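Novice: After the structure tokens below, expect a handful of questions from me.
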Amino acid sequence: MKIIELFQGISTMFQQEPKVVILRVVLIFLGFLLVYLGKKGTLEPLIMIPMGLGMSAVNAGVLFMENNQIANLIINPLLTTTDDLMKYMQINFLQPIYTLTFSNGLIACLVFMGIGILCDIGYVLAHPFISMTIALFAELGTIATFPIAKLMGLSDGAAAAASIIGGADGPMVLFAALKLAPEYFVPISIVAYLYLSLTYGGYPYLIKLLIPKEIRGQVIVDKKPKHNITSSEKLIFAVIANALLCLLFPVAAPLFLSFFIGIVIRESEISKYVKLIEDGFLYFATFFLGLMLGVLCDASTLLNPVVLKLLVLGIVALTLSGIGGILGGYVIYLLRGKNFNPVVGIAGVSCVPSTAKVAQKEVQKVNKCAFILDYALGANICGVITTAILTAIYVTLLQ
Amino acid sequence: MLLSIGVPLKVMGIGIVISYGIAFLIKILLVCIRMFNKGQKHNN
């Protein structure tokens, strides 16, 4: 036995095509970089640290399996038959998590439950029309990316799934890709989550580019007396909206149910369930989402030429949505006789609560007394609702 | 190209109707709940 054969990863690595080997090495180092950027706080650590580690492990740990096929002992996302699934669930370390939680959308629903628990729907109930208008403008990317994707040669389903990236809602992208373009589920999810963690860094520049400094520091004066929104009002709204949206769009009923059940539990103050969903489900789902996205970044999967198109479409969708949101902010600014801060518009892009925090941070850099977080969170939560609605319509029309 | 614009326009159109429908629903619900609460307080 040659000494190199003792180290299967190395011997297998160099028996692949040169382009695969190069990409594997690049991805191993990209994994290191993601862990570093996650630790530093530049990218979202909750997703990026497990993702980076998974990415480097899956590209390094290759070996020859049966029929001389190169694979790994972590995951195989391309299994289709029941026999293969049952067999590999007993061999691959993360196959059970992928098959039983990822590829059926359960993980997206668990994250959505967590988002529901974190959302105070009272911000939406306080200003429903303002929040909804901004959220609808911030869907520009979800709408305008579709024809661009079609021009780039994608199918209707893949074009719609790529457009949903513009909604900046990770679980929704997973759900749409599963329903509309299961063949591109892996690359679409990876591209979406990679970009979603970058929006945190990119949107402040978009705000500075499109909104002059003097408008950025605008204080919003509430002329009407504020009504306190009670828990019962929030609960009644969540119960009715859930039933109504499930009735209108049964294809997205799991998502609506997950989101509104989070809200209802929060407003019912069932502390044990709140703790279970917030500390248990949400962190379980986020951890495995990150790890799973990392191990799905296998070089052979990413060599698919469609990945390059998705990378372009993802950035186009998120940029357009950011621009649309700010445009919506300007529309409200003009409609309310300049008594509004257009920076709130960026929060319409529903990356809860990142974009709302970005908006508040940018405003406070200019004017320390300006507080826009309540409007920003309203637009943010409405963004989740509008993205869910648009996803449901795309799925209903195209499935 | 024109055909591919049809789908997102339809999505946007229905999306606007449903989203503003929800905003109206919120307003109506809040008014009803507050009227109900006022009536109950008045009766007490």
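Each Cβ is built from the backbone N, Cα and C atoms, and glycine gets one as well.
Just so you know, TrEMBL annotations are computer predictions that nobody has curated.
Here's the feature list from TrEMBL:
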TRANSMEM  A:21-39  transmembrane segment
TRANSMEM  A:45-65  transmembrane segment
TRANSMEM  A:97-118  transmembrane segment
TRANSMEM  A:124-146  transmembrane segment
TRANSMEM  A:158-178  transmembrane segment
TRANSMEM  A:184-206  transmembrane segment
TRANSMEM  A:235-261  transmembrane segment
TRANSMEM  A:281-303  transmembrane segment
TRANSMEM  A:310-333  transmembrane segment
TRANSMEM  A:371-397  transmembrane segment
Novice: Going along the chain, which residues at least six beyond the ends of the transmembrane segment (A:235-261) come within the CB cut-off of under 8 Å?
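Specialist: Apart from its flanks, the transmembrane segment (A:235-261) reaches 105, 108-110, 112-113, 115-116, 121, 125, 171-172, 175, 179, 267-268, 384-385, 388-389, 391-393, 395-396, 399.
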Novice: What residues in the same chain, six or more past the boundaries of the transmembrane segment (A:371-397), come closer than 8 Å to it by Cβ-Cβ distance?
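Specialist: For the transmembrane segment (A:371-397), the far contacts come to 115, 119-121, 123-124, 126-128, 130-132, 134-136, 138-139, 142-143, 160, 163-164, 167-169, 172, 175-176, 179-180, 219-220, 241, 245, 248-249, 251-252, 255-256, 259, 325, 340-341, 343-345, 347-353, 355-356, 359-360, 363.
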Novice: Given the transmembrane segment (A:310-333), which of the listed stretches A:21-39, A:158-178, A:184-206, A:281-303 has the most Cβ pairs that are under 8 Å apart from it?
Specialist: A:184-206
Novice: Which one, A:124-146, A:184-206, A:281-303, has the most C-beta pairs under 8 Å toward the transmembrane segment (A:21-39)?
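Specialist: If we count Cβ pairs closer than 8 Å to the transmembrane segment (A:21-39), A:281-303 scores highest.
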Novice: For the transmembrane segment (A:184-206), what are the same-chain contacts with Cβ under 8 Å, counting residues 6+ beyond its ends?
Specialist: 42-44, 47-48, 51, 77, 103, 158, 161-162, 165, 168, 170, 173-174, 177-178, 289, 293, 296-297, 301-302, 304, 306-307, 310-311, 314-315, 318-319, 322-323, 326, 346, 349, 351, 354-355, 358, 361-362
Novice: I need to check the long-range neighbours of the transmembrane segment (A:158-178): which residues 6 or more away from its ends have a CB within less than 8 Å of a CB in the stretch?
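Specialist: Hits for the transmembrane segment (A:158-178): 102-105, 107-109, 111-112, 115, 139-146, 149-150, 184-185, 188-189, 191-193, 195-196, 199, 252, 254-255, 289, 306, 309-310, 313-314, 317-318, 320-321, 349-352, 355, 383-384, 386-388, 390-391, 394-395, 398.
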Novice: With a Cβ cut-off under 8 Å, give me the same-chain residues at least six positions beyond the ends of the transmembrane segment (A:124-146) that come close to it.
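Specialist: Apart from its flanks, the transmembrane segment (A:124-146) reaches 159-160, 162-167, 226-227, 229, 233-234, 237, 313, 316-325, 327-329, 331-332, 340, 344-350, 374-375, 378-379, 381-383, 385-387, 390.
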